[in-house]
Amino acid sequence: MTQPNTQTTPNDVPAAAEGQQEQQQQQRRGGGRERRGGGRRGDRRGQERDSEWQERVVQIRRVSKTVKGGKKMSFRAIVVVGNERGQVGVGVGKAGDVIGAVRKGVADGKKHLVKVPLTRHNSIPTLSNGRDGAANVLIRPAAPGTGVIAGGSIRTVLELAGIKNVLAKRLGSKTPLNNARAAMVALASLRTHKETAKERGISLEQIYS
């Protein structure tokens, strides 16, 4: 009785090896597509989140620091970040170049965001006052169509917060950073009428009366 020949010929070995190599290459390509696809989706989500925010540079100054070897020069950037829907922040960044300072300022501003209660006319609910150092900023609500009556860094903060009708007055220091931070303090102290009534333990009718 003859036994079947199970020995592989020299011509069969390269063909089997080539088939395995093709399968491995296809698996690598498929995995690469999945990874690349996931990376693109993640990048798109990140870009959409970043597109919600606007940043404006208020001031860029060249500053120096005295060290053991002499003076070390760098740049300081004051940046205001906001989404024009009630969130705004002021950041400061220092770096050896302007681009690096602005990038750090944007990151610092996003770490110090303030939620601003907006009315249906894109104004603020009540009058507010804020101080920072020698700067004193007074902001008050305005009627629809008034616009943003403010100047300098205060105007930038109010616009990026999404406030369309407001009156602001600067009292004291003219320093852009102090004024921007004073405006942030004033916005952070704002409360809606419901929150004010709850804190005082009274009804909304008593507030309006």
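Any Cβ shown, glycine's included, is placed from N, Cα and C.
Here is what Swiss-Prot records for this protein:
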COMPBIAS  1-11  compositional bias 'Polar residues'
COMPBIAS  18-28  compositional bias 'Low complexity'
COMPBIAS  31-55  compositional bias 'Basic and acidic residues'
DOMAIN    53-116  domain 'S5 DRBM'
REGION    1-55  region 'Disordered'
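Note on the domain 'S5 DRBM' (53-116): mean pLDDT across this stretch is 94. Secondary structure counts, DSSP: the domain 'S5 DRBM' (53-116) has 14 helix, 39 strand, 11 coil.
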